[in-house]
Amino acid sequence: MRDYDEVTAFLGEWGPFQRLIFFLLSASIIPNGFTGLSSVFLIATPEHRCRVPDAANLSSAWRNHTVPLRLRDGREVPHSCRRYRLATIANFSALGLEPGRDVDLGQLEQESCLDGWEFSQDVYLSTIVTEWNLVCEDDWKAPLTISLFFVGVLLGSFISGQLSDRFGRKNVLFVTMGMQTGFSFLQIFSKNFEMFVVLFVLVGMGQISNYVAAFVLGTEILGKSVRIIFSTLGVCIFYAFGYMVLPLFAYFIRDWRMLLVALTMPGVLCVALWWFIPESPRWLISQGRFEEAEVIIRKAAKANGIVVPSTIFDPSELQDLSSKKQQSHNILDLLRTWNIRMVTIMSIMLWMTISVGYFGLSLDTPNLHGDIFVNCFLSAMVEVPAYVLAWLLLQYLPRRYSMATALFLGGSVLLFMQLVPPDLYYLATVLVMVGKFGVTAAFSMVYVYTAELYPTVVRNMGVGVSSTASRLGSILSPYFVYLGAYDRFLPYILMGSLTILTAILTLFLPESFGTPLPDTIDQMLRVKGMKHRKTPSHTRMLKDGQERPTILKSTAF
């Protein structure tokens, strides 16, 4: 019996057909790059202060002293959420009293912004924060909006695999791409905050679903060697390119509704890819649709200038993997023995911390000194060398030390942030970018490392649980950024400390580099410093299928 790769080996690895599929599927990821982090600009909070009605009878001196001062980052700035009691200062103005000279401003009664806010338009013409006044008592709604987007990502990650298994990779790719683009466009017509948030959740569901569908479609169509490059560099770098495009759009378009219009246009253009991207022949074969799969392979051979055998797929010859009797496993197997339990707990902590660091630093770019658009672009650009470095480390160096080094680098520079003098704000920006570099490299490597730790019988389940933990981390990340409103360095201290602790934790995980993939739970590598403990479940676990000893060198997002 021959498997799919052997049957289609005559196509070659890197012909015109494979190159087309590689670049088109990678290009379909570009909208995901700017959709996922568009909240950096859509939900930005400009400088603001309490509005004073034009009808208020105040002298020019009192109009310049309606807002009290407060300390922020060691300097006095106008308060964003309080003003002096308007009726009181109107009386002082009518009496001809001068602020500071005749009236002690420190003794004046204050009130909230009863007449709304005035928002600076130096950077943004409008955001959803200025649209619906998401400041002061309602400032918690801004991070909630971002968290709910990631809730949509979490929900989408649950259903995307099942949908593509049931309806096909190509169908799910384009339907969810349309879902992401369509609901993003509908956000333009949001009448209130609640409508915007509900649509944002649906955008998040579509965003992760088409990402997963494109990833699976590419890994199933492309050959073994190209598959590695596609999964480690192709989708990641094109995602980063989409992220880099985001600040470019936002620089020229300062209104949030018009920015959304611009961000949905590339998604509309992706519709044309329908006529160039085929369905996965592997999936068609799994559905018994051999003739359709053969048509696709013949077109691929024609594009590559290769003579096609008279018969490509012989149903009796292909391995029917689904016919193999398999022992069922459930999520409790990830906790069955002491060793796999420790690997699972440590993997969950690792993934969650890395996700908090990656998205926390990405969302924090508006709070850095300097130009927000340049900072966002740098945050995106630094991901490209991080992905390349991660790929090289996966090829040649041990996993544990590579992961720990990347995390130590990312965490330590974040802790140094509080030591940077205020006048060296460019150094602070450099440190944040170095931290983002380290965390991004670790994020890219953790997929491979986790997959290598778990045995074949529960590998998919183990990576799935870990990936879910990363989604939970992304949901929490906006609130780490939110803490910066109370202490500028608190987010960096928390993220840096967690990242360093996770780096230390990584050193206790087994080293999988250069070792065959385990097939059964008994074959798993042992957690460092832990003695082997026999449990009754060892005898219950039976070997469940064979997998050729190999080393994983690709990520599976």
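Positions of Cβ are set from backbone N, Cα and C atoms, glycine also.
Here is what Swiss-Prot says about this protein:
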type     : residues                                                       : note
TOPO_DOM : 1-20                                                           : topological domain 'Cytoplasmic'
TRANSMEM : 21-41                                                          : transmembrane segment
TOPO_DOM : 42-142                                                         : topological domain 'Extracellular'
CARBOHYD : Asn57                                                          : N-linked glycosylation site
CARBOHYD : Asn64                                                          : N-linked glycosylation site
CARBOHYD : Asn91                                                          : N-linked glycosylation site
TRANSMEM : 143-163                                                        : transmembrane segment
TOPO_DOM : 164-172                                                        : topological domain 'Cytoplasmic'
TRANSMEM : 173-193                                                        : transmembrane segment
TOPO_DOM : 194-197                                                        : topological domain 'Extracellular'
TRANSMEM : 198-218                                                        : transmembrane segment
BINDING  : Gly218, Thr219, Glu220, Ile221, Leu222, Gly223, Lys224, Ser225 : ATP binding site
TOPO_DOM : 219-232                                                        : topological domain 'Cytoplasmic'
TRANSMEM : 233-253                                                        : transmembrane segment
TOPO_DOM : 254-257                                                        : topological domain 'Extracellular'
TRANSMEM : 258-278                                                        : transmembrane segment
TOPO_DOM : 279-341                                                        : topological domain 'Cytoplasmic'
TRANSMEM : 342-362                                                        : transmembrane segment
TOPO_DOM : 363-373                                                        : topological domain 'Extracellular'
TRANSMEM : 374-394                                                        : transmembrane segment
TOPO_DOM : 395-406                                                        : topological domain 'Cytoplasmic'
TRANSMEM : 407-427                                                        : transmembrane segment
TRANSMEM : 431-451                                                        : transmembrane segment
TOPO_DOM : 452-462                                                        : topological domain 'Cytoplasmic'
TRANSMEM : 463-483                                                        : transmembrane segment
TOPO_DOM : 484-488                                                        : topological domain 'Extracellular'
MOD_RES  : Tyr486                                                         : phosphotyrosine
TRANSMEM : 489-509                                                        : transmembrane segment
MOD_RES  : Thr550                                                         : phosphothreonine
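No contact links the transmembrane segment (233-253) to the transmembrane segment (173-193), because fewer than 3 Cβ pairs that are 6 or more residues apart lie under 8 A. The transmembrane segment (258-278) makes contact with the transmembrane segment (173-193): 3 or more of their CB pairs lie within 8 A, with pairs spaced 6 or more apart in sequence. You'll find the Cα of Thr219 (ATP binding site) roughly 74 Å from the Cα of Asn91 (N-linked glycosylation site). Of the recorded residues, Ser225 (ATP binding site) and Asn91 (N-linked glycosylation site) place their C-alpha atoms 79 Å from one another. Take the CB of Glu220 (ATP binding site) and look out to 10 A: across all protein chains shown you find 16 other CB atoms. A contact between the transmembrane segment (407-427) and the transmembrane segment (489-509) is present, since 3 or more of their C-beta pairs, 6 or more residues apart, lie under 8 Å.
Local packing around the recorded positions Asn57, Asn64, Asn91, Thr219, Ser225 was summarised as the count of other Cβ atoms within 10 Å of each Cβ; on this measure the leading residue is Thr219. Counting same-chain residues at least six beyond the ends of the topological domain 'Extracellular' (194-197), those with a Cβ under 8 angstroms from any Cβ of the stretch are 128, 144-145, 148, 187. For the topological domain 'Cytoplasmic' (164-172), same-chain residues at least 6 beyond its ends with a Cβ under 8 Å from one of its own Cβ atoms are 209-210, 212-213, 216-217, 220, 274, 277-280, 283-284. The recorded stretches the transmembrane segment (143-163) and the transmembrane segment (431-451) do not share 3+ CB pairs below 8 A when only pairs 6 or more apart in sequence are counted, and are therefore not in contact. The ATP site is defined by Gly218, Thr219, Glu220, Ile221, Leu222, Gly223, Lys224, Ser225, and by the 8 Å test on Cβ atoms against their centroid, the other residues of the chain that qualify are Gln18, Val226, Arg227, Phe230.
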